[in-house]
């Protein structure tokens with residue numbers, strides 16, 4: 001057994017033990033971290049002349065300018081990495097240990113420093129739970145433990161690169177979730193079925209069902225809380241179809257079954273099927289580069305058609 005493989009297996013076993021202590025929570029990998037940060041950028045980065053200023057600070061996890069916009073961005077990230085729980089209005093310090101132990105072979109984070117960081121977070125008490133309240137509560141800890149928290153939460157590029165190299169199961173940068181999932185569902189013998197899937201044919205094959213389940217999870221249509229229709233509605237809005245929300249929710253609520261392929265089939269057999277294809281394609285395109293919208297790109301039907309033709313050509 002190679003040293004790298006042994007390390008990965010040891011980490012996996014340790015994570016399993018820790019997960020049993022902290023419910024069912026798993027440490028977040030680099031792909032998950034990138035998604036969380038990019039989504040918080042999308043939802044909080046302002047338009048206008050100061051957009052670049054905010055982006056230049058936030059990308060380095062420098063919580064400036066000190067205003068409501070930055071406060072809400074910080075709260076978004078803290079909730080996203082599940083260090084802060086908005087429902088209970090409490091910080092989850094135990095998860096720092098789980099995150100650290102899972103990747104410390106790659107991060108090199110000091111155990112004592114991480115323990116101090118965890119202790120500091122455990123002592124935090126939140127009041128109203130507003131953006132400013134959460135921000136001001138966490139800020140002193142952020143300033144004191146900026147560097148170690150960056151390591152623990154895989155925000156250092158060199159650390160993420162090591163993990164990508166060691167773990168082939170993490171989706172790569174520049175790879176769409178459709179491509180990532182297809183590699184795990186189909187092989188050369190079932191390539192024809194994969195091509196049909198690119199054309200939105202409902203073949204009902206086990207491979208297609210596995211691929212759709214994988215994609216739905218990658219697109220966050222299914223998350224740790226189960227099926228997430230809000231995420232699908234969001235994708236319709238991003239192709240400039242907000243008026244379809246009632247229809248989309250109606251289709252999903254009436255869909256028999258609770259599996260990804262069943263929801264996928266319901267949408268493709270509904271009166272919103274063509275718009276769903278566009279929304280699904282646009283999500284695939286954005287999954288290649290999580291900063292797609294942050295960079296100022298918008299839905300462009302002609303460009304999307306061109307990019308999907310390229311993706312189809314790789315399979316068909």
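First residue shown is number 1, and so on along the chain.
Each residue, glycine too, has its Cβ placed from N, Cα and C.
Remember, predicted model here, so these are calculated numbers, not experimental data.
Classification of residue 76 (disulfide bond) by DSSP places it within a helix. A C-beta separation below 8 Å, combined with a sequence spacing of at least six in one chain, links residue 76 (disulfide bond) to 39, 40, 43, 44. Annotated disulfide bond per Swiss-Prot: 40-76 (among others), in sequence order, evidence recorded as similarity to another entry.
Residues within less than 8 Å, Cβ to Cβ, of residue 72 (disulfide bond) and separated from it by at least 6 positions along the same chain comprise 44, 131. The disulfide bond annotation in Swiss-Prot covers 72-131 (among others).
Secondary structure at residue 214 (disulfide bond), as computed by DSSP, is helix. In this view, residue 214 (disulfide bond) is surrounded by 21 other Cβ atoms within 10 Å of its Cβ, with every protein chain counted. The disulfide bond annotation in Swiss-Prot covers 181-214 (among others) and is backed by similarity to another entry.
Sequence-distant neighbours of residue 266 (disulfide bond) (same chain, 6+ apart, CB under 8 A from its CB) are 251, 252, 254, 255, 256. DSSP gives residue 266 (disulfide bond) a helix state. Sequence annotations record features per position, and here Swiss-Prot assigns disulfide bond to 255-266 (among others) based on similarity to another entry.
The annotation signal peptide is assigned in Swiss-Prot to 1-23.
Neighbour count (other Cβ atoms within 10 Å of the Cβ, all protein chains): 18 for residue 131 (disulfide bond).
Other C-beta atoms found within 10 angstroms of the C-beta of residue 255 (disulfide bond) number 19, with every protein chain shown included. Under the three-state DSSP scheme, residue 255 (disulfide bond) falls in the coil class.
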